[in-house]
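Now, the feature entries from Swiss-Prot:
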- 84, 86, 87, 107, 119, 120, 170, 177, 256: ATP binding site (BINDING)
- 246: active site, proton acceptor (ACT_SITE)
- 247, 256: Mg(2+) binding site (BINDING)
C-alpha cells in the first residue's frame, strides 16, 4: 500500500517554518518500532526491514516535504522569545483513509535555524523515555502524541556525558502549540495569529468553520480539552515537568516528554524536573499552570476576539477540570453515584497517604479489592497508622453501601481506572541502561507490558520502586 502525504502546513502557513531535510546519523539502525501503531496507520512492514531509512532521516517517502516549525513561548513563566523546532523536523502529514491526518515528526534530525545553541540531536536515553511515556499514556487512555520508531547510531552526542545519538519518530494529529500563536502576537502580526486560528478551525474544528462566533466556540473547546487533559494527568499521578507554553498542545495532547515522572509516594508537591528550583511545575501546581498558559494563549487572540468572550471561556476552565477530575476520582474510589461526603472521604485519604508517603498507584489498585461487607482490607498493611486507616476505611465501607451494586461490579469498574502498572522512572531507567549496552530486550519487554496497564501482574513492574529507583533526578537534557 502506498502512503499518502499532503502539505497543508507548508502550503497554508508559509511564514511559520523553514524547509530543510534531516541530517542522518552515523551507522544508524532501527532498534524498536511500534507494530500496533504502524498497522493502524497502514504502514507497510517492508519499511521497517530496510535499515534506518526514513526512520533515521536517510530518505523520504513520496509526498513528504520536510520542514522545521518556528514558535515562541514562556518558559518557567518568563517570556523566552523565539524557540522553534531545534532538533525536530516535520517530515510530512499523512492522509489517512478516514480523511484525518497524522504528522510524522522526526526528533533528533539535526540542526535547524531554530537550534539556538543546541546541536540538533537527541540521545538514546531521551528517545527511549519519550517512546515509553507516550505509549504508556496512550494505553492509560490519556490524549498524547505517539511513538512510532527509535533509531540509535554510532554518532556521539555531548551532554553531561558522551551519549549515543538517536532519533524518534513521533506522530500526532497536529503539532500546533500555544507557542505558535505567541510567536506572531509578540511580533505584532495579529493577522498571522488569525491565520493560525483559521487553519486550526478549518482542519481540526471544521464543524465550527461556518459559525458566526467560531473563534469563541473554538477557544472554549481548547480550554475544555486542556482542562480535561490536566484532570486526567492528576488522576493517574503524572507530572509533566516542563509545562512551558511552547509545550502545550492546542488539541489537548500530552506533548514533549522530558523530565516527566509518575508519582511513587503520594507527594502533592512532587517536583520531577531537577531544574525546577521554585517548584513551578510541581504535581499539585499543574492545574494552575495550565490555566496561566491558557491566559497567555487568550492574550494572543485578543486583537480579533472579544475580551469578554475570552474571559468567559477561561472562567469555564475550573468547572470543566473539577467535573472531569471528580468523575474519575469517584470511579477510582468505586462510587457509582455522587454523594455529598465523597470529597471529604477523598481528601482524608489523600491526607493519610501524604503523611504515610503511601504509594499512589498501589494504594488505589489495592483499594479496588475492597469488599463492602468485610472489615478486612489488604491495603491496611500498607499503613503504619492503622488506627487512622481503620477509621477512614469504616466510613468508606458505609459509603460503598449507598450504591446498590455488587462487589464484582464495583471492583470491575475500579480495576478499569486504577492501573496496576505505570511508567515509573526506575523502570524506564533500567530499560535505558540495558539499551545503552546494546541489549534491547528490556525495552521491548517494557513496551509490551505498558500495553496492558490495568491487568494484574506478579512481577516487579508493579512493585514498590527499589531504593535506588526513588527520587531519580531527571533534567530537560535530551
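First residue shown is number 1, and so on along the chain.
Every residue gets a Cβ built from N, Cα and C, even glycine.
Mapped onto this structure are the features recorded in Swiss-Prot.
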residue: 84; record: ATP binding site; DSSP class: coil
residue: 119; record: ATP binding site; DSSP class: coil
residue: 170; record: ATP binding site; DSSP class: strand
residue: 246; record: active site, proton acceptor; DSSP class: helix
residue: 256; record: ATP binding site; DSSP class: coil
Residue pair residue 119 (ATP binding site), the residue listed as 'active site, proton acceptor' - Cα distance, angstrom, rounded: 19
Residue 84 (ATP binding site) to residue 247 (Mg(2+) binding site) - Cα separation in whole Å: 11
Pairwise CA distance, residue 170 (ATP binding site) versus the residue listed as 'active site, proton acceptor', rounded so that it is a whole Å: 17
Number of other Cβ atoms within 10 Å of the Cβ of residue 87 (ATP binding site) across all protein chains: 22
Rounded Cα separation (Å) that holds between residue 87 (ATP binding site) and residue 246 (active site, proton acceptor): 14
Cα distance (Å, whole number) from residue 256 (ATP binding site) to residue 247 (Mg(2+) binding site): 6
Pairwise Cα distance for residue 256 (ATP binding site)/the residue listed as 'active site, proton acceptor' [Å, integer]: 9
Maximum Cα-Cα separation (Å), residues 84, 86, 87, 107, 119, 120, 170, 177, 256 listed as binding ATP: 23
Neighbour tally for residue 256 (ATP binding site), based on other Cβ positions within 10 Å of its Cβ: 24
